[in-house]
Amino acid sequence: MITMVMYLFLTLFSLTPEVRLVGSSRCSGRLEILHDQTWMSVCDAVFDQQDAEVVCRELDCGAPVQVLGAAAFDKGDTQMWAQEIQCRGNESQIHLCPTSSQKHSCSHDDHQALLCADVTNVRLVGGNSPCAGRVEVLHRGQWGTVCDIFWDMADAAVVCRELDCGEPVDALGAAYFGQGSGPVWISVLKCTGKESTLKNCGSAGWNKTACTHNHDAGVICSGHKRSRLVDGSNLCSGRLEILHDQTWMSVCDTVFDQQDAEVVCRELDCGAPVQVLGAAAFGKEDTQMLTQEIQCRGNESHISFCSISPSHNHNCTFDNIVGLICSG
């Protein structure tokens, strides 16, 4: 037990950034460096563009936008770091940069400040849209994946929110969207579902997992459309295709009804259904056929929330492809 507690302590300690920006957001503000367990402000005479590259990278904040001196973000009452920092610009962390023994004479009017780009640090890869795919996070300049251990809808909700992709539809594991490359950055995420970014969630730590890419986590958000209408006169009419098991499939007209049509038109922001058409009214397409019965109640926001009967397979041909006209 003591060994485990010590391991967790060392893990959390090693994850603590040794720099921070004190301001209105985590990616802009007065620069402070942790030295001998004390946070110190940095003299603007000892800090340059190469140093800024490293700080923004360590904080996962993209590239530096502006390096500001003269206490642009207020004067702190902390101790001052006055030794010259000599980064090359390609280091992953500030503590890997050498410092000069020469000290500059600085006052609290000389506090260094920094504005970083604050880029999006999460993306979804391998799906059919920006709102579905394997979850990848950017950490210290490198994209890596998330382990699916304890991966759940609360974690998925944070990813969908961060990407402005609506609500979570499904939290997937076992490399559903294919295996990633590079490190498996995070395991045992502990999101409440209310966080604004994934990096605000608790976890077992960065790069502290025995997970392999067989366990890469994925997510489908509601912003990911799983239905479409093709070969019609506009986006709200045409032959219906549904994304099922990552394949666009035509739908048999015997498995689709008015309640299903309500959901498709709603998902596509196309108003209400005007007409459900069978007999390949919008042409025949050489796609796979979905012949299992779709069972929507009619009030769902997305077709993903409707169940599909695994036991009712209908015998359909391309003469039975369903079409739909929505009011939008």
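First residue shown is number 1, and so on along the chain.
Cβ atoms are placed via backbone N, Cα and C, with glycine included.
Taken verbatim from TrEMBL:
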type     : residues      : note
SIGNAL   : 1-21          : signal peptide
DOMAIN   : 19-117        : domain 'SRCR'
DISULFID : CYS87-CYS97   : disulfide bond
DOMAIN   : 122-222       : domain 'SRCR'
DISULFID : CYS147-CYS211 : disulfide bond
DISULFID : CYS160-CYS221 : disulfide bond
DISULFID : CYS191-CYS201 : disulfide bond
DOMAIN   : 227-327       : domain 'SRCR'
DISULFID : CYS252-CYS316 : disulfide bond
DISULFID : CYS265-CYS326 : disulfide bond
DISULFID : CYS296-CYS306 : disulfide bond
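Non-local neighbourhood of CYS296 (disulfide bond): GLN259, ASP260, GLU262, VAL263, ILE303, PHE305, CYS306, each in the same chain, at least six residues away, with C-beta under 8 Å from its C-beta.
Residue density at CYS147 (disulfide bond): 25 other Cβ atoms are found within 10 A of its Cβ, drawing on all protein chains shown. DSSP classifies CYS221 (disulfide bond) as strand under the three-state reduction.
The Cβ neighbour count for CYS326 (disulfide bond), using a 10 Å radius and every protein chain shown, is 24. Checking each of the disulfide-bonded residues CYS87, CYS160, CYS201, CYS221 against CYS252 (disulfide bond) by C-alpha distance, the shortest gap belongs to CYS221. Secondary structure from DSSP puts CYS252 (disulfide bond) in a beta strand.
Helix, strand and coil counts from DSSP across the domain 'SRCR' (19-117) read 19 helix, 42 strand, 38 coil. Cβ environment of CYS265 (disulfide bond): CYS236, GLY271, ALA272, PRO273, LEU324, CYS326, SER327, GLY328 lie under 8 Å away, each six or more residues apart in the same chain. Note on proximity: of the disulfide-bonded residues CYS160, CYS191, CYS201, CYS221, CYS316, the one nearest CYS87 (disulfide bond) is CYS201, by Cα distance. CYS147 (disulfide bond) falls within a strand when secondary structure is assigned with DSSP. CYS147 (disulfide bond) sits 14 Å from CYS201 (disulfide bond), counting Cα to Cα. According to DSSP, CYS160 (disulfide bond) sits within a helical segment.
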